[in-house]
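S.K.: Okay, here's the structure, questions in a sec.
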Amino acid sequence: MALTRFERFLGRLLRAVVWMLFAAFKLFAPQQRHGVSRLPPITNPLLLLSAMQLARKIRRKEVTSVEVVQAYIDRIQEVNPLINAMVKDRFSAALQEAAQIDKLIEEETGGEEVLEDRLPLLGVPITVKEAFALQGMPNSTGLLTRRDLVSGVDAPSVALLKRAGAIPLGVTNCSELCMWLESHNHLYGITNNPYDFERIAGGSSGGEGSILGAGASVIGVGSDIGGSIRIPCFFNGIFGHKPSTGIVSNDGQYPPASGLQMGFLCTGPMCRYAEDLIPMLSIMGGPNANKLSLSAEVDLKKLRFFSVPHNGGSHLVSPVDAQLLQAQKMVIRRLEADLGVKVQELFIPQLKYSFQIWGTMMASPGKDGKPPTTFAELMSEGGKKIWPVWELFKWLLGFSSHTIAAIGLALVELFQSSHPSPFVLQQKESLQQELEELLGTDGVLLYPSHPQISPKHHHPIFTPFNFCYTGIFNILGLPVTQCPLGLSEEGLPLGVQIVTGKLQDRLSLATALYLEKAIGGWREPGKTTAKP
């Protein structure tokens, strides 16, 4: 659907205002300084193996769990001062647990098959987003009033991974209260992108994305209510999966969802290698994973493929970067050449209203009629009530304990209508029906992960609606796999979202496995040269 002349004018005006505001912001924002321009290269070959390969080598006694855990500890200590991704470690405890696992393997008499079936991740290190409860670790979600809170239990998804033999190394940074595109808070500071320290790692699972992209972790746990798994995976060049709604438990993370948001929040795996996605999802989903038939074989040649290059030209959202459009076209060419399929390009007009749909549904009351907890109320947790306008004034004077992004979200709530727009609700229902009918049980949709390649620090403050490329699929409840597609001219990750019908997660996961082999998957940042 073509844009009207007025909509094109609004788009140009908004982009001009954004760049002027960003230029002014940079004059006052603190500048980061780094002694080096890029990460040191990986030298230990253990860091270049998938979690499944590591688990296999540990079971076969080709390498010890202690050696693997120590290799990752060394890498974290090498790169974390540059990216600020891990905010609290448990290295000593992890090494003790690894030693116990090595002893268990030595004493096991049932053979490798018994260990693989019972403990598929035995001895493999893992990292966890700080918003999740991990026993003995902080669970502040970047809120200063929760700085002394230490988890006494594990979140269910984390507990299942530990039960499968995974060894947590520590927790990683996130945005304040997990509702922003950049992982920045006044408790832990700002996380850098491993490909370019002046750029964002994404949010809210940005610390997890950064530590994985830097080759300092192999698998991790993230959560996603508007793209918080997929955006960091995109910006950091790794794989991630937002499962079908209701498969993986969301319990044990802060803040908890409320209102209708409980149906939009998803917990899922993040990793450097596509082959780790299905095993992780199988473990994290527990008995619910059976609904996905993840072990069923997928014949990609029998699937129907679609591609949507952009959301229809909403004037609220940046245009899709030309390099991302070219990367998506490259995927289409490979699919058609290698599989003999025909990828149909579509334009879906309702996607133009993705932000309005996401905002309306997120603010809607739950089935009990109660409205969701406001962002200002969440910011007030454990302290005095937050008044957004007063907090903004304090921030301008340098006295606020909250980030400008969090304050801005609280301010936006003051102007939100409590009465959903019938037009927006109609667009949501129409889009839901169209996509569910289009995808069915054998459809795969390619869609941009974000309109921009990883932006500079703080830039999302001036392009706040760009997340709607991911957020719309939380509202629709569709599973999505984020897949890396090589690097841009600046040495920054490219990528694409792979969307399928409800409970058809295995189709997007199988497509990601194929694309990893066809295009190359994760690229080590220490070997790239990003332009300033």
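Note: Cβ is positioned from N, Cα and C throughout, glycine not excepted.
The active site, charge relay system annotation in TrEMBL covers LYS129, SER204. The active site, acyl-ester intermediate annotation in TrEMBL covers SER228. As annotated by TrEMBL, domain 'Amidase' applies to 67-507.
Quick one: how deep are these features, and who are their neighbours?
M.R.: Applying an 8 A CB threshold to same-chain residues 6+ apart, the list for LYS129 (active site, charge relay system) reads VAL171, THR172, CYS174, SER204, SER205, GLY207, GLU208, GLY220, VAL221, GLY222, SER223, GLN253.
Around the Cβ of SER204 (active site, charge relay system), a 10 Å sphere holds 34 further Cβ atoms from the protein chains shown.
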S.K.: Quick one: mean pLDDT on the domain 'Amidase' (67-507)?
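M.R.: Value for the domain 'Amidase' (67-507), mean pLDDT as a whole number: 96.
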